[in-house]
């Protein structure tokens, strides 16, 4: 601890600190000065802290820390301007969630009782986002993160105000108010409901529900149908209940499913200064369940059968096929003959096969008209709906006719039909009116039918025909009926006799012209696209062209392109060509965002779509100048050791961000060389001593100024210059004076000096503790209580400072004697705010050197240097000294003044 006697407050000089380090006894202490405060003016003490008046001088000594005279300092405080104010301490401050990022939102405002400069700060919990930033000088608070009330409705922050010594912090809560930025969202999707086809009109079917996270009108949701005039359903706009419209009915046989689009819309609200309304849609699938409300239907009517003269009793004549009209839940079908058979025919009640029960010779009529009845039997075994069909059976005796196909106008061997692709499974091709007939009787008129062509697509009913039947072709595989694969499907319908040796047969061509439907989704030629454009590309520049293909024809094959995603803002896409280009206003910057990725959507007229991902890389161009940390810098160079200057280029890629250095101007010239790539500055090889520097310096001026240029390697190339002033010292001088070497080496890094001093004090404390502990245990072991003596000796008054100056002159080296520096105007007040005009007094004759500190005999404080001043790039207010910095600042300042000062009248050299 450095202690001072009772006298006017005074800043300690470098020489007193140096004497303190020599181990001089301590004087009486009186008070403590807060670190960072200057002592008032002291007329009896010169700028360097040396005594010049009649008051007795004093010495200081180092104990453990430095203690100065105390001076009160009050803490700064914020102004509390209340609710609604935009400046103060942010009390009850609120902010809309749609406030743009980068907006100025508030001004911290406070004052310091002493009028010292104040600075502002804002901080957040480490686990929270840093939503705001503050200008430390003016207190302007800026929004730097996007707000979202639904995720975070209040923000806690700690604001603080500091005068450099005192810091006052307050915890504040900023409320985030709502904006209509959320769209309604349906929950519990998908909506699928099963409804019987006989549901009464006006019945409730299903309830949909959507939620909106916003508050107020923006959070209220109403419902309506997208196509309310073209549907059988109605929607309750408040409850979301879907009902069957009054007077409307469902019919399973006409439509087995209904797809209803429901729109949920919020009540609207303000967003970024405009009134906006958001909506969402969902699809409700209403599946219609079949009920028993249709009579049975016969397939393959009219029915014709033939009995040949050689037909055996019990032979199958023909088969009647019927099915339940309710195909969703069909009942069992039972067949029966009502009349007209005269005992000559019977029908199988389950298969519908009609058989002849007598020989043809016993049959009295040539033609029999039978009536076949089918009856549905419910799952409970109760007869239900019925239907009847006539069956004509002809009696023939010779096999002299092959099967023949007939159309509406007579025999025909080619049948054509146009139909849409992908018909429902099991659908009958009703457009084909085909009848097949064999004019023979009995077994000679029995033949099989089959389709010859692409297999598994259609099946023919009946498979076996007796005499004559209506040919029915039924869809077997709907997926295979694809317009994109086959524009035309061609089959051979083959009828061939079964039980005749002749095997008479015939064929007919069935040609089906397929019609296109919108059954394909547009597909991109690639799952992703990669593009590269220069960052200086003007707005509207083409980036990449995407292509999607829809195999469908006509309007269904037309593709519309769109883009979306977080990275799509600077780009647009042509809806028809798929060319992606930059927005007219887009300003791309590879240093800010080097890559973008987003999605492109290809959609047809019915909303079927596919996606692809686009990656856009910005190519860097040379659009940034190299920048020095400061445009005016000061460096200290030791002979033989280079100093380094650095500049950075903010361009993203090489070679635009590579910097080359050169010296464009130097005063004087031919002294320094610079490394082009690293920026290291050295003395030329021919300069090896301060003598050589002195010889080439014009007029003895030791201020070295360089203009250094930093130039990047881009095309075109940009360059920046900085002014550099260099102080040069000799390694011999530093080696002979350890303290001077240490101070010069730490001149550019004051914290290093503080660290070394702290280490020295820690070592002293450790040694003291060890000695005390050893003494204690020695006394305890010898069971003796030794007295503690303290001998106080009064030290004779030291010689005046002028005598020490002469003694230093006597001890200086020859090299130091060669450098005579011009003296700067002395600073007479202790706060370094103004310059005086008086010169220091003439030094008396030097006394003999002291013998109490032999190590100080070689500590030469006369290190010749070339001095300069450091000018910041922009004017800034001088910050208050930090804790721990006054000692090193005083040491460096005093030492520099000693090196530079030269008394013109007395010609005193340091």
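Every residue gets a Cβ built from N, Cα and C, even glycine.
Automatic, uncurated: that is what TrEMBL annotation is.
Across the domain 'Cadherin' (93-186), DSSP helix (H, G, I), strand (E, B) and coil residues number 0 helix, 44 strand, 50 coil. Residues or ranges marked as domain 'Cadherin' by TrEMBL: 93-186 (among others).
Here TrEMBL flags 187-298 (among others) as domain 'Cadherin'.
Summarising the annotation, TrEMBL assigns domain 'Cadherin' to 299-405 (among others). Taken together, the residues in the domain 'Cadherin' (299-405) have a mean pLDDT of 84 on the 0 to 100 scale.
TrEMBL lists 411-524 (among others) with the feature domain 'Cadherin'.
The domain 'Cadherin' annotation in TrEMBL covers 525-628 (among others).
Among the features that TrEMBL reports, domain 'Cadherin' is placed at 640-740 (among others).
Sequence annotations record features per position, and here TrEMBL assigns transmembrane segment to 753-777.
The region 'Disordered' annotation in TrEMBL covers 823-889.
According to TrEMBL, the feature compositional bias 'Polar residues' maps to 828-837 (among others).
As annotated by TrEMBL, compositional bias 'Pro residues' applies to 841-852.
If you look up TrEMBL, you'll see 864-877 (among others) marked as compositional bias 'Polar residues'.
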The domain 'Cadherin' (640-740): DSSP-derived helix, strand, coil residue counts: 19 helix, 40 strand, 42 coil
DSSP-assigned states of the domain 'Cadherin' (299-405) in counts, ordered helix, strand, coil: 3 helix, 54 strand, 50 coil
Tally of residues which DSSP labels helix, strand or coil - the domain 'Cadherin' (187-298): 7 helix, 53 strand, 52 coil
